[in-house]
Amino acid sequence: MRCPLSFLSESLPTKPTTPSPLSTLTFNPFKNKTFFYLIFSIAATCKASKMDGKLSCRVADAVDYKGFPADKSKTGGWIPAALILGIEICERLSTMGIAVNLVTYMSGVMHLPSAASANIVTDFMGTCFLLSLLGGFLADSFLGRYYTILISASIQTLGTAALAIATKLPQLRPPPCDGTNTCKEANGFQMGILYLTLYLIALGTGGLKSSISGFGTDQFDEKDEKEKTKMAFFFNRFFFFISTGTLMAVTVLVYIQDEVGRSWAYGICSVSMLVAILLFLSGTKRYRYKKSMGSPVIHILQVISAAIKNRKLELPHNVALLYEDSSEHATRIQHTKQFQFLDKAAIVAEGDTAQNPWKLSSVTRVEEVKMVARLLPVWATTILFWTIYAQMITFSVVQASTMERTIGSFQIPAGSLTVFFVAAILITLGVYDRLIMPLWKKWKGKQGFTNIQRMAIGLVLSILGMAAAAVAERKRLAVAKAVGDNTATLPITVFLLIPQFFLVGSGEAFIYTGQLDFFITNSPKGMKTMSTGLFLSTLSLGFFISSFLVLVVKRVTGNDGQGWLADNINYGRLDCFYGLLTILSVINFVAFLVCVNRYIPQEGKDSQKNHSLGEEKC
């Protein structure tokens, strides 16, 4: 940021160029407009800090809650960021606390088949991540991140409170099974109320996921080296808080659901989010607010619209004839030869004006869209990992519910088996930071694996995890055949499932950080939220593909309660379904290797980073 004190050297010459009779007189500040402007500029932008004697400056691209330039000494930093992370913990507690144990509620209380129960969970999770795209669009175009977080957190609070009521009232669930194992499925009204509460929670979750990380990073000035370092630590703490919320959800919250009551557990989620909202509001005066640059989705649509409009025009031989906005000099991107159809959006046709971006786009805007287009093949080949992930909170939980889960007199809730999943993530991150990265730096001279290498490792681990799941299910089915398929609890330890949870959990630790890094570093700087949107869309599509595969497999192998995904998994062949996912994952991994080898990063950028233009740091 340019220091206003440098104004001294530009506004007040060391000696007058033209001698004046008044130059020998005492300087009169009341008649000197330059002096007044100088004093006003200094007072408005810098102040002396009594704490450390250093100069405290305003943040160039952020304002405070009153709309004035944000003062570094009064806004931003760790305290506001911590208040924002409090919302994230409660969101994760609610969403994962519901998701990991929802399949047992659907099958055990609402009396739905196992495949239908699994699809309700995956559809719920897929919708959560899909609605994050809507939340991002609203935050970028209309509401801003602060109000998006506030409104979304309030919606989720209402949703969890409604779910607590829905699981408490006996009128909203079918009667228990009778002694002959005859179970009545939930009727349309009961399922309708349940869907309403779940998708109200999904709406709130989507808005939170789209804005929390962005609003958290807004509290740090990336042009200040010290604050930029703190921003990097914020990302680490952000993922740690996500894991902490998940850990609490799969242990404490799931235990309360099974042993105390689901309405109590969901009520705790609602109250905790309400407390987090109040804490979030308490930091209103300390937050930094950044002006939105508009939705990147709109920018992409504008380029495509302009390219279609000019589709019949010939591209000029000299790319210098294409339109470029002079105001974008600081972030200008040079022209590339890929996707030349999009270049037609920058052709200046007769009657075109720069004021209508739907008819004419700058070369920089076109190149930003090209950068997003180059990411899509790699993006597509990471979706299947999240389909594998979906099995860990659906069918793996159903498997656990049929196995021996007692340790002494304590019975582990089936949904709490995902604690090994979270433990694998935390252990993997610790080993990577403390062991792998130092060794890799000594051997290769680099700070750890590249983002593409991390994604590749995550995909390989997911393949091994599905293979391990298929082997474990074959052993479980063999025991079920030996003792009788109708046995409620099979004499086989649930710890047989630990390898699949650990392998897929470790894979998530690699692919989660790898995807975020890849999309953030390779997305256009002017489309910051696009990187988060691309990442979250892979999760959403992964869950929806899981639901689609379940429907296809049921239709092909038997849709009458039998087949691979039977209503009672002891009569099915879940191992074959896991085997199918293993094969698809191997094919997907080969496609991933092809895509990353063909991926061409943006070259010839004038700058994806801002030009300094001679500005000094204050």
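The backbone N, Cα and C atoms fix where each Cβ goes, and this holds for glycine too.
A TrEMBL annotation is a machine prediction, not a hand-curated record.
According to TrEMBL, the feature region 'Disordered' maps to 1-20.
The annotation compositional bias 'Low complexity' is assigned in TrEMBL to 8-20.
The transmembrane segment feature in TrEMBL is assigned to 120-139 (among others). Residues of the same chain lying 6 or more positions beyond the ends of the transmembrane segment (120-139) and with a Cβ under 8 Å from any Cβ of it are 95, 98-99, 102-103, 106, 112, 145, 148, 152, 198-199, 201-203, 205-211, 214, 292, 295, 297, 390, 393-394, 529, 532-533, 536-537, 539-544, 546-547, 550.
Summarising the annotation, TrEMBL assigns transmembrane segment to 145-166 (among others). Here the transmembrane segment (145-166) has long-range neighbours at 84, 87, 90-91, 94, 98, 135, 138-139, 172, 193-194, 196-198, 200-208, 210-212, 214-215, 218, 262-267, 269-270, 273-274, 276-277, 280-281, 284, 287, 289, meaning same-chain residues at least 6 beyond its ends whose C-beta is under 8 angstroms from one of its own.
If you look up TrEMBL, you'll see 238-257 (among others) marked as transmembrane segment.
Same-chain residues lying 6+ beyond the ends of the transmembrane segment (263-283) with a Cβ under 8 Å from its Cβ atoms: 79-80, 83-84, 86-87, 89-91, 93-94, 97-98, 149-150, 153-154, 156-157, 160-161, 163-165, 167-168, 253-254, 256-257. Annotation comment: TrEMBL describes 263-283 (among others) as transmembrane segment.
Remote same-chain partners of the transmembrane segment (375-398), defined as residues 6 or more beyond its termini with a Cβ less than 8 Å from a stretch Cβ, comprise 99-101, 103-104, 107, 114, 117-118, 121-122, 125, 414-415, 417-418, 421, 452, 455, 458-459, 462, 465-466, 469, 497, 500-501, 504-505, 507-508, 511, 515, 518-519, 522-523, 534, 537-539, 541-543, 545-546, 549, 569, 574, 577-578, 581, 584-585, 588-589, 591-592, 595-596, 598-599. Taken from TrEMBL, the feature transmembrane segment covers 375-398 (among others).
As annotated by TrEMBL, transmembrane segment applies to 410-432 (among others).
Summarising the annotation, TrEMBL assigns transmembrane segment to 452-472 (among others). With a cut-off of 8 Å between Cβ atoms, the residues of this chain six or more beyond the transmembrane segment (452-472) that come close are 378, 382, 384-385, 388-389, 391, 396, 399, 496-497, 499-504, 506-515, 517-518, 575-576, 578-579, 581-582, 585-586, 588-589, 592-593, 596.
Here TrEMBL flags 492-513 (among others) as transmembrane segment. Long-range Cβ contacts of the transmembrane segment (492-513) within its own chain (Cβ-Cβ under 8 Å, at least 6 residues beyond either end) map to 239, 382, 385, 388-389, 392, 396, 399-400, 403-405, 412, 414, 417-418, 420-425, 427-429, 432, 449, 451, 454-455, 457-462, 464-466, 468-469, 472, 475-476, 479.
Below 8 angstroms of C-beta separation, residues 115, 118-119, 122-123, 125-130, 132-133, 209-210, 372, 375, 379, 382-391, 394, 515-516, 519, 523, 563-565, 573, 576-577, 580-581 of the same chain, each at least six residues beyond the ends of the transmembrane segment (534-557), sit close to that stretch. The transmembrane segment feature in TrEMBL is assigned to 534-557 (among others).
Residues or ranges marked as transmembrane segment in TrEMBL: 577-600 (among others).
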